[in-house]
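To start, the structure itself, in structure tokens.
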Amino acid sequence: MTFTASSSSCAITESPVVVALDYHERDKALAFVDKIDPRDCRLKVGKEMFTLFGPQLVRDLQQRGFDVFLDLKFHDIPNTTARAVAAAADLGVWMVNVHASGGARMMAAARDALAPFGKDAPLLIAVTVLTSMETSDLHDLGVTLSPAEHAERLARLTQQCGLDGVVCSAQEAVRFKQAFGAAFKLVTPGIRPAGSEAGDQRRIMTPEQALSAGVDYMVIGRPVTQSVDPAQTLKDINASLKREA
């Protein structure tokens, strides 16, 4: 089944679920997308798919009614990052992200680049610490803080720069909501329904646990994309979240 929409970003879902599209072939990605309902989730397009298929893939998803999180994690000099973020806004994406480790001037430039878009601007989110990273990984980079401590420091900088929220692990969510307030959005990868394999994520939670922790948007990949019945899997996840709420 194929759903269509009259605008590039129609925000027709209240679900916090964002499905990560990780496909090597465009046709397979769209075949999967045509099995699910834009009322049940949003979609995330990352570096590999965007490099392979470009902006047209985003348009194809939008034409099917889906809001798109463009997960390119921009990290460059302020002017270059600002132009990239503005280009994403021109594309009509729902959310775009940058690396908080790019610093305050870079994040402020990205924020200012979205001002002309007004209410049509995408959510601007910063990545703190990748969920695959552990304390030993940070130590290798010369960071002596734990992942949780480093993520909180970067999240505070992100809020000070006026961004909409951060990507963080579910374990940080409770503390972040208390520290930064309900309006500061938390986007969390590593969310897997009970019984799913951990994959390459280290700090994981179930959707129900993530919701209880204060996560606003939860990124779920293979448990949905590799499901025999992805539409039903999404409905089951959303039903469990409504019960939790």
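Keep in mind that glycine also has a Cβ here, set from the backbone N, Cα and C atoms.
Per Swiss-Prot, active site, proton donor is recorded for Lys73. The feature substrate binding site is assigned by Swiss-Prot to Asp22, Lys44, 71-80, Thr131, Arg192, Gln201, 221-222, with sequence analysis given as support.
On the structure: features taken from Swiss-Prot.
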{"residue": "Asp22", "record": "substrate binding site", "contacts (Cβ under 8 Å, 6+ apart)": "Gly46, Glu48, Met49, Gly221, Arg222, Thr225"}
{"residue": "Leu72", "record": "substrate binding site", "contacts (Cβ under 8 Å, 6+ apart)": "Gly46, Lys47, Phe50, Ala84, Ala88, Val96, Asn97"}
{"residue": "Lys73", "record": "active site, proton donor", "contacts (Cβ under 8 Å, 6+ apart)": "Lys47, Asn97, Val98, His99, Val127"}
{"residue": "His75", "record": "substrate binding site", "contacts (Cβ under 8 Å, 6+ apart)": "Thr81, Val98, His99, Ser101, Gly102, Met106"}
{"residue": "Pro78", "record": "substrate binding site", "contacts (Cβ under 8 Å, 6+ apart)": "Arg105, Met106, Ala108, Ala109, Ala110"}
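Of all the Cβ atoms in the protein chains shown, 21 others lie within 10 Å of the Cβ of Gly221 (substrate binding site). Its own atom aside, the Cβ of Thr131 (substrate binding site) has 25 Cβ atoms within 10 angstroms in the protein chains shown.
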